């Protein structure tokens, strides 16, 4: 009798544990769907606002005709298009953890209003899974491909061709843009949503601290009593004009559009990529706008995904490009 009761109790415990796990998974899925629906709702509201604006313009130009009035049945949702856009540039390359990193970053960006994600892949052709992921998450953006020259493969500086491709795309497709900021966000960094709120008010060049970078707990600008940047606490290659990380600043898009030659170069010593880019935009230290509570708060961390350690046969399968060697589950894991 006692044994039977124990077995019955154990069975009930396993049954309810399984149900709890299933409910947890369902909850996470619903949260992701809610995020996606919110983005779609914001996009639709933006389109409605544009239609209303166009309608009002037409009414002013045709005052003799009967006017139409729009009366919302509920308080209007603040339009995401009323916020300055953020052009978030992410260079990425083929590796085992690429899909995992981009998925994590994409889910971070989903709730950020009026964000345009520019993913530039170090490849001759865009990988289909990236476009599929952007569509699934409901993120507005563009997926480009730009190959690194063979002589610069696996060498520093990295991401030059990809970042330049994104800047050129902006100049060709957003030349009429009057506001917004450009930010370079690596696919394996960690971002606090508050960072994006800080970017919205940038007039020219915004700057903030970065956590876990260059063997430091935090790297940040030194701020004077007048809230102006007068130096940096960096300990690595302090002689750099701007000893900062790529994640520590964003620039107004006007700075990109009015400096056709501004960009990145392979002829840049290691660690100087940020400095040379800012110099190409004619940036001076006096222009830096201290964000994140006068550079006392950290909203971005330069985390890095460790190289994935695979068994030799697994490495060979991935290196082959998956041609006939990866099964369906493995293909889905790496994209």
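Any Cβ shown, glycine's included, is placed from N, Cα and C.
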When TrEMBL marks a stretch as region 'Disordered', which of 55-78, 79-102, 103-126 is it?
55-78
Need the DSSP three-state call for residue 188 (Mn(2+) binding site) to compare against my parser.
coil
Euclidean distance between Cα atoms of residue 274 (active site, proton donor/acceptor) and residue 188 (Mn(2+) binding site), Å
18
Least surrounded among the recorded positions, given as 188, 219, 274, when other CB atoms within 10 Å are counted
188
For residue 219 (site 'Interaction with galactose moiety of substrate glycoprotein'), just give me the three-state DSSP call.
strand
If you draw a 10 Å sphere on the Cβ of residue 294 (N-linked glycosylation site), how many other Cβ atoms land inside?
13
Inter-residue C-alpha distance, residue 294 (N-linked glycosylation site) and residue 219 (site 'Interaction with galactose moiety of substrate glycoprotein') (nearest angstrom):
14
